[in-house]
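Engineer: Below is one structure. I have some questions about it.
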Amino acid sequence: MKMFDNIKNVGKLIRLERIFDKNSEKTVIIPMDHGVSSGPLDGIKDMRITTNAVADGGANAVLGHKGLVRHGHRGYGRDIGLIIHMSAGTSISPDPNKKVIVTTVEDAIRLGADAVSLHVNVGAETDFEMYRDLGLISETCEQWGMPLIAMMYPRGPKIKDEKDPEVVAHAARLGAELGADIIKTNYTGDPDTFKEVVKGCPAPIVIAGGPKTNTDEEFLQMVKDAMHAGGKGVASGRNVFQHKDVKGITRAICKIVHEDVEVKEALKEIKI
């Protein structure tokens, strides 16, 4: 894939091909790491059911903590990529923005992972610790040929707007500079400003799905706009696993990301 021409590590390239579509060179990732931060939310109480639904819908990968492998591994049908999340923090912690490392790259390899991910809250009071973790783990990923996804979110006392194009661009660039192969960050809400974020980041950017939207059309239009602005995929959790038709919304997202269909056409995939 052309966007990974700068990566010479064969192991990384092989694994990246498992979580990116070779034709569109984009990805649809369904994060299910919310159980650690927010508890057993609707939609992920039984992770195996959700994993099977998004796999049937055409998602490229699921993302979660090591427990996802034990309790949500796909038992039949088409395979789906596995991304192990290495960071943890909870909404009931004294500092919900602080993320700590709870597993290793080596453990992710033993679990059969195709990539690992880290969460960094740029602007948090403990952000320097998360920067250190990202930089050091990127070296370990290089040694083992493991792709690294950095979730770079502007969050903290000085962050007034988490979608501010300047802070989103800074967060994305920071992740790439510290060694991430793929950046997951906020969509700015506007294609023109997001284009500038993409231009300023040497690593491909996958947009976060964000909080649950009011309508499917609103959500899918955001995905469409982000792809046209240079995004290389979407990583959406709640807008997928809390949907009444998990398989259908996944198919709709894939139609837009991989086939560039119009939103009205993609909406036809949703049956409920």
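Glycine residues also receive a Cβ, built from the backbone N, Cα and C atoms like all the rest.
Pasting the relevant annotations from Swiss-Prot:
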ACT_SITE  Asp33  active site, proton acceptor
BINDING   Asp33, His34, Gly35, Val36, Ser37, Tyr153, Pro154, Arg155, Gly209, Gly210, Gly237, Arg238  1-deoxy-D-threo-hexo-2,5-diulose 6-phosphate binding site
ACT_SITE  Tyr153  active site, proton donor
ACT_SITE  Lys184  active site, schiff-base intermediate with substrate
Engineer: Assuming the binding residues for 1-deoxy-D-threo-hexo-2,5-diulose 6-phosphate are exactly those in the record, Asp33, His34, Gly35, Val36, Ser37, Tyr153, Pro154, Arg155, Gly209, Gly210, Gly237, Arg238, what is the maximum CA-CA distance in angstrom, rounded?
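Structural biologist: That value is 22 Å for the farthest Cα pair.
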Engineer: Closest of the recorded positions to Asp33 (active site, proton acceptor), Cα to Cα, picking from Tyr153, Lys184, Gly209, Gly237?
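Structural biologist: If we rank Tyr153, Lys184, Gly209, Gly237 by Cα distance to Asp33 (active site, proton acceptor), first place goes to Gly237.
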Engineer: Using DSSP reduced to three states, classify Pro154 (1-deoxy-D-threo-hexo-2,5-diulose 6-phosphate binding site) as helix, strand or coil.
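Structural biologist: Going by the DSSP assignment, Pro154 (1-deoxy-D-threo-hexo-2,5-diulose 6-phosphate binding site) falls within a strand, counted as strand.
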Engineer: Once the chains shown are all counted, how many other Cβ atoms turn up within 10 Å of the Cβ of Pro154 (1-deoxy-D-threo-hexo-2,5-diulose 6-phosphate binding site)?
Structural biologist: 25
Engineer: Of Gly35, Ser37, Lys184, Gly237, which is closest to the residue listed as 'active site, proton donor' if I measure between C-alpha atoms? They're all recorded positions.
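Structural biologist: Closest by Cα distance to the residue listed as 'active site, proton donor' among the recorded positions Gly35, Ser37, Lys184, Gly237: Lys184.
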Engineer: Roughly how many Å separate the Cα of Gly237 (1-deoxy-D-threo-hexo-2,5-diulose 6-phosphate binding site) from that of the residue listed as 'active site, schiff-base intermediate with substrate', to the nearest whole number?
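Structural biologist: Pair distance, Cα basis, whole Å: 13 Å.
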